Amino acid sequence: MADQIVLDVQHLQKKFGKFQALKDINLQVRQGEVVGFIGPNGAGKSTTIRTILGMLKADGGVVKVFGEDAWSQAVQIHQRLAYVPGDVYLWPNFTGGQTIDLLLKMSKQQHSAKTDELIKKFELDPTKKNQTYSKGNRQKIALIAALSCDVDFYIFDEPTSGLDPLNEIIFQAEVVRLKDEGKAILLSSHILSEVEKMGDTIAIIRQGTIIESGSLDEMRHLTRTNVNVSSTGELSTLKDLSGVHQFKLIDDSKNKAEFSVDSDALQAVMQVLTDKGITNIQVAPPTLEDLFMRYYGDTDVEPEVNKHVQ
Amino acid sequence: MFNNLFAQSGRLLRINLKRDRFKMLTWIVVIIGLMIGYASKIGVIYSSQSSVNALMVTLRSPAMIAVLGYVPANVKMTEAILFSSEMLVFMGLFYALASLLLSVNVTRGDEEQGLTELVQAKGVGRQATLMAAFLESVVFNLVMFVLLGVGLQLANMTGSNTNGNWLTAALLSGVGLLFGTSGILTAQVTAEARTASTYTIGLLGLSYLVRMMIDVQNPDYNWWSPLGWIERGAVYYDNNWLPVVYIILAIIVILGAAIFLSARRDVGAGLIATRAGKATSRFLRGPLTTLIKVDAKGFWSWFFGAIIMGLMYGSIFNSITDVLKSNKFMEQMFSDAMKNKASDALLLQFLSTLSVVFVLIGTVRGIVLVNKLDGDAKKGYLEQFLAKPVSRVRIFWTYVGYALVNALMAFAAGIGGLYAGNIAVMGNHPLALKYFTRLFAGYSVTIAVMIALAAVVIAFAPKLKSIAMIYTGVAFVVMYFRSIFKLKDWMVELVPYGWMRDIPVKEIDGTVLLGLLVVAVVLLVVAASGFQRRDQIMN
Ligand SMILES: Nc1ncnc2c1ncn2[C@@H]1O[C@H](COP(=O)(O)OP(=O)(O)OP(=O)(O)O)[C@@H](O)[C@H]1O
Ligand SMILES: [Mg+2]
């Protein structure tokens, strides 16, 4: 049971008119697994999620949830699933409390002690009218309703984009709890550090295609390691070694440097470094930010990301 | 300071004009086309003096005065005066409706989408949005003014004069701008665009009804309604420009009030603040209950609005039959039974024209609710249902079913009000209930057909959703003017209402009723399966 596949997406394609929003999406989520679904704006995260939820009809490929077709069996599937949309819009003139109860009732769930606990934790005032809540508070309402559902599969589309850091931590703890209970979780984001805290698997989407997916550990060996080193010898020659990138001397000194190394060149570079006489070295595994930059940083599609790097 | 408040109104205006150009163009083509088309054809439709005289008898009847406005006595009837008596009040309604929908949309619609916030953050004056909305209304009505003036000059009806042509154009554009500005004012008070337009349309309806009651009883009091001002212009015989001055003064006052109010409220909020409420609700449990709660205000406004309108129309029934009492010959020679019959005949003729107003109310109510299916999908409300174990078909039938029931309720409320008014004023001989139930039964199915059509559009081409409303407008004009425009039967039958044109005077044709019912059901089923099959979230 433990490894059972909850979500299985194979070669999903989706067109909006002539625009091919999804070209080739492959995605799996298993029980007890948190899958981070990462990609830049407009990559197709929400479109994929809406197809999984049977709100959009796939043009090609297979989307199965609990082994059933996402479009035709939507009603049955949704009985075992909870979802928080990226932009939460709530009916005007309902109070937050009423909205939470309504969302729960429609999922055939009870307002439980868990619900009250969450309302307290997130410090939500359930008597205010929806139109008077801030973006973050609207998001809390949807999160509380989803998190207090007792279902098997949770989908969050950029769940923390409006939350402050404190509430973000509460949310992350809740997700970890769900994971420990053996639930399946799909979580889209562009906040990479967030996914890193909860997820063990990630899928990177770009322009409608999953360009990389796997466990964080698997992904790491594909990537560069960050090195920060001080030595007795001069370091500038390192710059020309193959596999060394973004080389930079620190504080204009000749023997303090910072650079990143392709994983397969690590061995060779370390040898050279040893010869220089290392006085201090810090080697850090790549963060998801680095992963992200590596895939998107070199392309012309994402100029903002590039600017950010420089 | 002043500069600051209104900074960049001009730039905003340009952006808005560009965005609204198709909407404006449609209104302009429809309104100006209708008027100029009729003005240039009027000589052909009423070619002989005898046909003009026959029409005058109809137009002078209280029923037609109630509907179209009063006809000057003691002046020589010409094409021009005929045209102005038939068209002006009614076209005033159109001008006002177009302007108010545009201006409410610019002020509040934008604000709801958060555009105003974006724009104001960009160094645009606090009052600039309001000013831009007003200026847009000015531009819109100015274009209509020029086009209508020139068009009427070219149409060159007999009895027309340059002064009268331009006065007509000025009065109508003036009333348009007046209601456009009123829309801006109400938009400051209410918290939502839809409420703002509902209120302003209510105000317009009230002006029309007040004018109607005054016209039927004593036209001298016409100054009490802005739509009455159009009649006060006495176009083509007296050419009185005073009402135009009134209109301009009223516009200035209303604009001032709007600016004053707008300075005292926050962006995105109305003046009436939102209170906190209970944290729980027993009532809410699914899509239908949600829809009912969301729509509660709309429900009561439409319901009471329709009843009040019915009551007001019903309350002039006695004025319509007054003609009989003032006739000495009839008074003495006719038996009571004959008098009653004559009274019924007059009222039925009135009823058969004006019932279309209530059919319109019902239809519009229904179509607005059907279109909400698309609106709510865009606003992100539908996504909340769709992620739940709620099927797409159920959502479709919830919205469309709610629309159907509410359309028929609004229609029934109007007819009910009419009947109540009739009972109240007709004392000894009110018009029998059966005519009212016949009206309801007959037109209900035509309303259902219109709603089913709207549902088909929403299911297959939500982008074109305004089609259903435009078709309804056309259908209304066809029914209202079919006798005056002398429309052929086949033309009238191009719209669903046309198939019921003979009720309540004649009985309902069972086959026609059944046919319409089948059409409605088939369309609804087609719509449901189309909706079921398509993407639920479309931008
Ligand atoms: N209904 C639609 N009609 C046409 N195009 C659409 C529609 N929905 C999405 N798109 C387009 O498909 C692409 C993918 O959009 P999507 O919302 O899935 O991106 P996303 O990865 O969720 O982005 P973000 O991080 O900004 O939320 C975008 O280019 C978007 O403009
Ligand atoms: Mg998204």
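Using the three backbone atoms N, Cα and C, a Cβ is placed for every residue, glycine included.
TrEMBL entries are annotated by machine, without manual review.
Record features, source TrEMBL:
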type     : residues  : note
TRANSMEM : B:24-46   : transmembrane segment
TRANSMEM : B:87-107  : transmembrane segment
TRANSMEM : B:128-154 : transmembrane segment
TRANSMEM : B:166-185 : transmembrane segment
TRANSMEM : B:197-214 : transmembrane segment
TRANSMEM : B:241-261 : transmembrane segment
TRANSMEM : B:299-320 : transmembrane segment
TRANSMEM : B:346-370 : transmembrane segment
TRANSMEM : B:396-420 : transmembrane segment
TRANSMEM : B:440-461 : transmembrane segment
TRANSMEM : B:468-485 : transmembrane segment
TRANSMEM : B:510-531 : transmembrane segment
I need to check the long-range neighbours of the transmembrane segment (B:24-46): which residues 6 or more away from its ends have a CB within less than 8 Å of a CB in the stretch? 17, 52, 55, 79, 82-83, 87, 91, 94-95, 98, 102, 140, 143-144, 147-148, 151-152, 154-155, 157-158, 470, 473, 477, 485-486
Can you tell me which recorded stretch out of B:87-107, B:197-214, B:299-320, B:346-370, B:440-461 has the most Cβ pairs within less than 8 Å of the transmembrane segment (B:510-531)? B:440-461
Looking only at residues six or more beyond either end of the transmembrane segment (B:440-461), which have a C-beta under 8 A from one in the stretch? 355, 358-359, 362-363, 366-367, 370-371, 373-374, 396, 400, 403-404, 407-408, 411-412, 415, 467-468, 471-472, 475, 496-497, 499-500, 503-504, 508, 513, 516-517, 519-521, 523-524, 526-528, 530-531, 534
Between the transmembrane segment (B:197-214) and the transmembrane segment (B:241-261), are there at least three Cβ pairs closer than 8 Å, leaving out pairs fewer than 6 positions apart? no
Is the transmembrane segment (B:468-485) in contact with the transmembrane segment (B:346-370), using at least 3 Cβ pairs under 8 Å (sequence separation of 6 or more) as the test? yes
Please report, as numbers and ranges, the same-chain residues at least 6 past the borders of the transmembrane segment (B:166-185) whose CB is under 8 Å from any CB of it. 84, 88, 91-92, 95-104, 107, 130, 133-134, 137-138, 140-142, 144-146, 148-149, 152, 196-197, 200, 203-204, 226-227, 229-230, 233, 235, 239-241, 243-244, 247-248, 250-251, 254-255, 257-258, 261
For the transmembrane segment (B:299-320), sequence-distant contacts whose Cβ falls under 8 Å of one of its Cβ atoms, 6 or more beyond its ends: 61-63, 66, 198, 202, 205, 209, 212-213, 216-217, 292, 346-347, 350, 354, 357-358, 361-362, 365, 406, 409-411, 413-427, 430-431
